[in-house]
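Peer 1: Below is the structure I would like to discuss, written out as structure tokens.
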Amino acid sequence: MPPQVNPTVSGVLFETDTQTEDLGLAKDVSGLKKAGKKRYEYVWGNIIWFLFLHVASLYGVYLVFTSAKWQTTLFAFIVHLMCAIGVGAGSHRLWTHRSFKARTPLRILLMIWQTMAFQDCIFEWARDHRTHHKYADTDADPHNAERGLFFSHMGWLCCKKNPEVIEAGKRIDLSDLYEDPVVMFQKKYYMKMMPILCFVFPTVVPVYFWQETWLNAFLIPTILRYTIGINVVWSVNSFAHAFGYRPYDSCPQNDPYKITKQYSEKVYILVGGGSMVEGVVFGPRGTAFDAVHGRLTDELSIQIKSNHSLRSSDVKPSVRDRRRRSTVVNGPRLPAPDPR
């Protein structure tokens, strides 16, 4: 403004009067470090091992159709099923998610088959999988699908773990695994049991029982079987996460595992198919599952007070089911639902 000039208020607001200095833009940010891409520390031992497995497996497929005996191929398939049950029903459903209870003989059998699969001991398998479920698709997920299809498939085993994965694993509750003698026995002797069950046993059996060649016995029921097994499990981490998310109708009729909560705090969940009556869900063979206490109970012990008309098949078990009452896991009588 020129000197000796009195300012006057014109009442007009010009565009330049609304502009203010952005002090944030005035700062010099050229010297600040920019975040770079994630750097992986490769585990070359695993990379070379996986490369050998897949190349040798291709040759094993060739031998299946050229020189291997049919008993060898059948034996490889049987061992593959044993390993799949050991991982799927054992380390996954039983020890990670506690989906069912098993007596000691079955637990030992599942532990042996899981060791034969050579996918880490049960303790580490369950710890990593619980971490995956709690921090799915984050940097704390051991096989984070956000890092790409290859990483979630097998790349996560070709590099060192993200520090966040290690820290998250330390926060996971593993007290039930520490108290399991079968799990801790395997953890202690895993490196002695695994080579015998995974590599020696499948190789020696074909040679000893039906005079298969050592090369065929090693490449087909051992290497090829093992490579197929780990890729099947890896595909759940990769392809299921890449293409598995989809909306669906969550109506209980279309979602048989949907938890239904009625009558105060009593929660019942359908187990393997059945029918639902007034908030109580019946499973097959006259059983119902109490999700609050985590135990099965006899359908006959449930008192139902309902204003709805019920089919006899919904409440009364068959004669065959009555005979099976002794085989149903017993539990205390459930309280009758409050009709209010």
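Using N, Cα and C of the backbone, Cβ positions are placed for all residues, glycine too.
Pulled these from TrEMBL:
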COMPBIAS  311-320  compositional bias 'Basic and acidic residues'
DOMAIN    69-248  domain 'Fatty acid desaturase'
REGION    308-340  region 'Disordered'
TRANSMEM  42-62  transmembrane segment
TRANSMEM  74-95  transmembrane segment
TRANSMEM  193-211  transmembrane segment
TRANSMEM  217-236  transmembrane segment
Peer 1: Counting only residues 6 or more past its boundaries, what in the same chain has a CB within less than 8 Å of a CB in the transmembrane segment (193-211)?
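Peer 2: Same-chain residues near the transmembrane segment (193-211) but 6 or more away: 69, 71-72, 75-76, 79, 112, 115-118, 186, 217-218, 220-222, 225-226.
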Peer 1: Is the transmembrane segment (74-95) packed against any residues at least 6 beyond its ends, judged by a Cβ distance under 8 Å, and which are they?
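Peer 2: Answer is 102, 107, 110-117, 119, 122, 125-126, 129, 177, 180, 183, 202, 205-206, 220-221, 224-226, 228-229, 232-233.
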Peer 1: Within the same chain, where does the transmembrane segment (217-236) have neighbours whose Cβ lies under 8 angstroms from its own Cβ atoms, ignoring anything closer than 6 residues to its ends? I mean 6 or more beyond.
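Peer 2: For the transmembrane segment (217-236), the list is 53-54, 56-57, 59-61, 63-64, 68, 72-73, 75-77, 79-80, 83-84, 87, 117-119, 153-154, 198-199, 202-207.
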